[in-house]
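Engineer: Swiss-Prot lists these features:
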| type | residues | note |
| --- | --- | --- |
| MOTIF | 23-27 | motif 'DINNN-motif' |
| REGION | 29-64 | region 'Disordered' |
| BINDING | C110, C115 | Zn(2+) binding site |
| BINDING | C200, Y491 | heme b binding site |
| BINDING | Q263, W372, Y373, E377 | L-arginine binding site |
| BINDING | R381, I462, W463, F476 | (6R)-L-erythro-5,6,7,8-tetrahydrobiopterin binding site |
| REGION | 515-535 | region 'Calmodulin-binding' |
| DOMAIN | 539-677 | domain 'Flavodoxin-like' |
| BINDING | T545, E546, T547, R549, S550, S591, T592, S628, C635, E661, Q665 | FMN binding site |
| DOMAIN | 730-970 | domain 'FAD-binding FR-type' |
| BINDING | R750, T929, T984, R1017, S1046, R1047, K1053, Y1055, Q1057, D1090 | NADP(+) binding site |
| BINDING | H772, R906, Y908, S909, T924, A926, Y930, V943, C944, S945 | FAD binding site |
| REGION | 1138-1157 | region 'Disordered' |
Amino acid sequence: MACPWKFLFKAKSSRFDLTEEKDINNNLEKLRQASSSPVTQDDPKCPSRSRHRNECSQPLAETAKKSPDSLVKLDVLPPACPRHVRIKNWGSGMTFQDTLHREAKGDLACKSKSCLGAIMNPKSLTIGPRDKPTPPDELLPQAIEFVNLYYSSFKEAKIEEHLARVEAVTKEIETTGTYQLTGDELIFAAKQAWRNAPRCIGRIQWSNLQVFDARSCSTAQEMFEHICRHLRYATNNGNIRSAITVFPQRSDGKHDFRVWNAQLIRYAGYQMPDGTIIGDPASVEFTQLCIDLGWKPKYGRFDVVPLVLQADGRDPELFEIPPDLVLEVPMEHPKYEWFQELELKWYALPAVANMLLEVGGLEFPGCPFNGWYMGTEIGVRDFCDVQRYNILEEVGRRMGLETHKLASLWKDRAVVEINVAVLHSFQKQNVTIMDHHSAAESFMKYMQNEYRSRGGCPADWIWLVPPISGSITPVFHQEMLNYVLSPFYYYQVEAWKTHVWQDEKRRPRRKEIRFKVLVKAVLFAAVLMHKTMAARVRATILFATETGRSETLARDLGALFSCAFNPKVLCMDEYRLSRLEEEQLLLVVTSTFGNGGSPGNGEKLKKSLFMLKELTNKFRYAVFGLGSSMYPQFCAFAHDVDQKLSHLGASQLTPTGEGDELSGQEEAFRGWAVQTFKVACETFDVRGKHHIQIPKLYTSNVTWDPQLYRLVQDSEPLDLNKALSSMHAKYVFSMRLKSQQNLQSPQSSRTTLLVELCCEGSQGPSYLPGEHLGVFPANQPALVQGILERVVDGPAPHQPVRLETLSENGSYWVKDKRLPPCSLSQALTYFLDITTPPTQLLLRKLAQLATDEAERQRLETLCQPSDYNKWKFTNSPTFLEVLEEFPSLRVSASFLLSQLPILKPRYYSISSSRDRTPTEIHLTVAVLTYRTRDGQGPLHHGVCSTWLSSLKPQDLVPCFVRSASGFQLPEDPSRPCILIGPGTGIAPFRSFWQQRLHEAEHKGLQGGRMTLVFGCRRPDEDHLYQEEMLEMARKGVLHEVHTAYSRLPGQPKVYVQDLLRQRLAGEVLRVLHEEQGHLYVCGDVRMARDVACTLKQLVATALTLNEEQVEDYFFQLKSQKRYHEDIFGAVFPYEVKKEGAVGPPSDPRAPGAHGKS
C-alpha cells in the first residue's frame, strides 16, 4: 500500500504560521500568533523584514526531527520565516501580508511578458473533459492534502480519526482507483470552494451555504427533481438562500453528470431571419440548441429556457421548469412612470449551473449553486451591456438626455437610474438583493477577516470592482493577490461542444464544422482580407462635427468605400497633417459652425492646414459640407477646405457637395457619395468597378412601397410630454403660459412678445443665464385640417393608430419607433413637419401617387436640382400647398406618418434669471409672418412664434432646457463684459442683468463693468426693454448703455458695429486686452460677421497686428472662452424685398431661434 504519511507531514509552512485556525464546522475565530499578524498599518515604524525573520518559530523543523525517517521526506527546504506579499489599501493606508498564496495550486494565466488577467475564461481556471480516470499516483497526494485541510479546520485536534481517515482513503484509492467523500467532507469542500472563489464579492456568507448531496442520483429525471428542490429552497418566496446541489463525481470522463445550461434560470434569445435578436443575446446559441433538441420556442423577450440535463454520460434530456419555481420581478422606477412601459423584468435567483467543483483531486462537473443578486449584475450587465438587452440609449432618450453627445455623461446618468429601478423593484417585491456599495463594504470586512484567520484572501480585482461607481467603492483602492486554492470552482468547456452523442439522430446538425477547422477558416479569411485591403487604394475619410451628424455620414461613406478601397475614418483632431504627403485619396465630411467657422474638433486641423504653404504629394480629394441655408456662410468651412486643398495642388475628384438640413440633406449626401465613389473607381481603375454591389443604404428608400406599411388601431392615450421625450431624446416638461406682452409700440408693423411661462410648485426647472429653452410647437389647425380633408382611405382623424413596418424578409410586422401611437390629427399637429418645403426625395415619392400624368411629370421634373431650387425658393410651399398645386395626389395616412419629416423644436434664449423668478421662464419671441413670390404669394407664419402668440393664459407649453456652456456669465463676476445684441439678440442679456441685479440685492455682490450695445430701428417703435435698461443703468447693474438706431428720419443708418468703431474702441481694448474681460455677441449671422470684422480691425490697429496675427488673437480669445457668440439664422436663402416682411428669427424652418442652429 502506498505510504500516506509523507503527505500527512508534508511541509506546509504557512499552516504552521497559525497557532489556532478558524473552525469550519462551528465558525469560531481563533487567534493567530501575534508575531505573524498579517494586518498592519502602512507605517515606516513597522519592524523590518530581517527582524521579523529572526523572530519566526520553526515548528516544521521540530516536527521533522521528531518523526521517523521512514515516515517523512527529509529533502525539504531549510526552515525559514514564511515569505509574504504585502497588499495595501490606497484609500485607508492599511496593509495585509499574504502568506496563503504559497498554497496556490499551479500557475495563473499570466506570462512573463504579458498579463492575461483580464481574459474572461483563462485556461488556468478551466477544466476540460477527460477520457480516462485520474491516475492514483496523481490523486493520492491531492486526497491526503484535502483530508489534512479538513481535519485542520476543527477547533480540537482529532489525531486518531485523522490518521484513520488518511489510511482509509489511501486504501480506497489503491483498491478502486478513486475515493468517495463523506457527507461532512462534501459540505466542507463546497463551502471552502466558495470561500476560495477569487471572483466572488459576496463570500462573507460562505459558511452559510446549504449543501444538497445528490450523488446518489442516476437519471436525468432524478437530476431534475433535485434541481426543483434546490430552486424551491433557494427562492424561498423572495427571501433568497444560498445553496448548492452536488451530483455524482467524474469517474472516467465518459459518465459525467452535467447541467448544460449556464444558469438554472435564464431567458432565451432568438436570432431572427433579418439578423435582429429577440430576448437575451447571450442565450442565442443555447436557445438554438434547445430548439434543435425539440423545444418549441415562444419568441418572447423573457422566455425561460428549459433545463438540458445529462446523466451518466448519456445524451441530454429537456425539462421545462415549472412556472411556480421561477420568481420574476417586474421593473419599475420610483420616479419615472414610463419605466414600466419598457416591460422589463428579471428572475430573482442567480444560479450558476455550468461550473465544476474540484476537491482533493476529485471533480464534480455537475454542481449548480446560487447566491443572490448584486443590483449592478442586472442593472448594468444584463440590461445595459451592448451584447445583452442594451436598453441604455432608450432609457437615456426617455429621460430627455443628450444621447448624441458623450460629454453630456448621459450614459452615466441613465445607468444610475436603471440601477435605481432594479433595486426599487426588488425591494418593493421583498426579494433579496444587495446594492454594489454594500457589497463592496461587506467584501472589505470579509477580506480583513480572512487575513486575520488564514493569512490571505485570493481576489480578482478586475471582477470584484463593480461595473459602476469605480473609485467611490473601497474595493477599487484595494490591492489584491489572485491565486487558485483547493477546493475550487472551475469553468468548463460548454457541454454540447464536447459531448459524444449516442443517438446520432438527436445530434444538432447546425454546428457541423469542427472548432479547429472553423478557426483555421476564419484565420485564412482574415489573412486574405488583410492582403486584399492592403492591395487596395488607401482612402482617408475625415470628419468634423458638433452634433455627431457628420461623423455618422462619414462612417456611412466608409462603408461605401470599403467595397473597393481601404478606407479609414478619423476625426479631424485625430489626424496628423504630415500624413497628407502619404495620402492617395482624401475625403472630408464636415459641418460649419457659427459664422463660417469649423466645428470644435476641426479647429486644430484648420489652423495647421491653412498655415501650410506647399504640398509635394498631389493626391485626389473630395469634400462634402453640411449646414443650413438660412445662414449666409452656408457650408463655408467645407468650401474653405476645398479651396485650400486645391491651392496646395491636390486634385479635386468631384465638386464639393452641400447638404442643407432644410432641404434633403441625406438625399444630397447619398447622391454625392455614390457619384464620388464611381468617379474614384474610374480614376484609380478599380478592378471589376462595373460589378461592385454598393450597400443597400445607398439604394433603398428612393421609392414608396405601400405594402411595407400598415396602420393598426391602438387604444393607448397619448402622453404628449412622454412621446416628445422619447422621440427627441430630451427631458420634456410642460409649463403654463402666465402672460404675453407686446414689446413693440402700436405704430410698429411687427410683433415681439415677452412670453412669461410658469410652473406649478415652489421650484421650476434648473437653468443658468444664457441657456436656451427648446419649445415644441403645434402646427396651425387650418393646415392640419386641410391635409386631413385630402387623405384617402385613412382612419377617423381622432382614432389612435400605430404605424407598423414589414420586416426585410416579409415574415412579420414591427412597430415603427419614429412616432408614438396617436391619431392622425395628433401626428399632424404635434409630431410631423407640414410647413417645410418637401425634399426632392419626398417629391419623387409623391410623383408615384399622382393620378394625372402631367402632374406626375411635373413632380419628376421638380426632383432635378435646378428646377427644385427655383420652385422651392420662389414658393417655399407648405405640404398643404403642394397638395393644392397637385390635386391628383392620392395620399394615404400611412404615407404621411412614414414619410413626412419630424417637427423639430424651436430654441429661444431664456430672458430671465432663475434666482430672481424661480418658478418662471421668460422668452423674447419675434412673431414671424412673410409672403413668398417676392411678396405676392400666400401669407406664411412662423410655426412656433405664431403658436405661442395664439395661446391663452394657463395653456400648456411642452419644452426642455438646452445648455449653452459657451454663453454664460464669467465665473469671476468681477471681470468686465461687453454685451452686443441688436433686436431680439437682447434676449439672453436680460437674463444676465437680472442675475446681476439679484446678486447685488440679495448677496451684496457688485459685478464688474457691464456695457450694453443694443440696436433697433427707432426708439419709439421697437426699442425692446427700454425702460428696464434705463432702470438697470440707474441701479449700476449696467455701466453704460449704447443704442444704434437704423431708421431715424433724416439720419444715416447706424448699426451696432458702427457704435463699436465710433464710441467704444478704447473700451473694447481695455476689456479684451488689458482686463481679461469677456465680450458677448447675440443676433443673426450677418450682424455677428460684421461685428467680428469690426472688432478685428480695432484690435489690429491698436496692437499693430497683421491679418494672420489678429486671426490668431481672436482664436485665442475663443479658446479662453472670453469671446462668446450665440448666433441664429434669421436670413432667408431668398430675399423678400418688402419692408418689414422678414421678421426676426422664428422662422418655421429654423431649428434655432435664439440659439445656435
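Cβ from N, Cα, C; glycine included.
Bear in mind that the values here come from a model prediction, so they are computed numbers and not experimental data.
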Engineer: Fewest neighbouring Cβ atoms within 10 Å: which of the binding-site residues C115, C200, C944?
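Structural biologist: C115, out of the binding-site residues C115, C200, C944, has the fewest neighbouring Cβ atoms within 10 Å.
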Engineer: By a simple count of other Cβ atoms within 10 Å, which of T924, Q1057, the binding-site residues in the record, is least packed?
Structural biologist: Q1057
Engineer: Counting Cβ atoms within 10 Å across all protein chains shown, which of the binding-site residues I462, C635 comes out on top?
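Structural biologist: When each Cβ's neighbours within 10 Å are tallied, C635 leads.
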Engineer: For a three-state summary based on DSSP, what are the helix, strand and coil counts in the domain 'Flavodoxin-like' (539-677)?
Structural biologist: 59 helix, 36 strand, 44 coil
Engineer: Quick check on the binding-site residues R381, R750, H772, K1053: which one has the highest count of other Cβ atoms within 10 Å of its Cβ?
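Structural biologist: Result for the most crowded candidate: H772.
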Engineer: If you count other CB atoms within 10 A of each CB, which of W463, Y908 wins among these binding-site residues?
Structural biologist: Y908
Engineer: In DSSP terms, helix, strand or coil for W372 (L-arginine binding site)?
Structural biologist: coil
Engineer: In angstrom units, rounded to an integer, how far apart are the Cα atoms of C635 (FMN binding site) and Q263 (L-arginine binding site)?
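Structural biologist: So the alpha carbons of C635 (FMN binding site) and Q263 (L-arginine binding site) sit roughly 56 Å from each other.
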Engineer: Look up Q263 (L-arginine binding site) in the DSSP assignment and reduce it to helix, strand or coil.
Structural biologist: strand
Engineer: Given the binding-site residues Q263, T545, T547, S550, T592, which one is most crowded in terms of C-beta atoms within 10 angstroms?
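Structural biologist: Counting Cβ neighbours within 10 Å, the top one is S550.
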Engineer: Within 8 Å of the Cβ centre of Q263, W372, Y373, E377, which other residues of the chain have their Cβ, at the recorded L-arginine site?
Structural biologist: L349, P350, N370, G371, M374, I378
Engineer: Rank the binding-site residues Y373, Y930 by the number of other Cβ atoms within 10 Å of each Cβ and report the first-ranked residue.
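Structural biologist: The residue with the most neighbouring Cβ atoms within 10 Å is Y373.
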